[in-house]
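Marked as domain 'N-acetyltransferase' by TrEMBL: 14-161.
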């Protein structure tokens, strides 16, 4: 999505940055994992296909993608290489032409050592706040494999409720409608977040 291609969001545990070509090699290595392919219902791509996918996601109006960085590593790094700080990604898919206020959210913490530390929770909160304040979203859905209990619990903690269970696809659909109280709660949860221009923000740490 072009809207976020120069936006970075700085949280306490994570930093969200646009998915650029420099992130592709690490992302490609992640997606060789059979576990991640299963959890994300993805097919393995060649490196060339991954670069093409990154380009299309950057241009598509119905996909908003951020790479999730470990904020502590990012703050401490000496050079410009973000690849060493990458821990996952977070996506919003605006795929319902009849309801532009609905976004499907996906969070992937790809680095096994970074799971269970709250990175996914903060990344989801940052993305949801961005969706509400910048994209005009009022509803979120998350479709998660039935066996992915940690992800299901994470979204339930973020006030999502289960609305469907597909035995065919073996996935659970959870939904959150952003009422005014939910909006205020979400904004309070993300009041610490700083939004900066991406390239300027990167330059500060070089």
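Count begins at 1; order follows the chain as displayed.
Glycine residues also receive a Cβ, built from the backbone N, Cα and C atoms like all the rest.
Per-residue confidence over the domain 'N-acetyltransferase' (14-161) averages 90 (mean pLDDT, predicted model). Across the domain 'N-acetyltransferase' (14-161), DSSP classifies residues as 67 helix, 37 strand, 44 coil.
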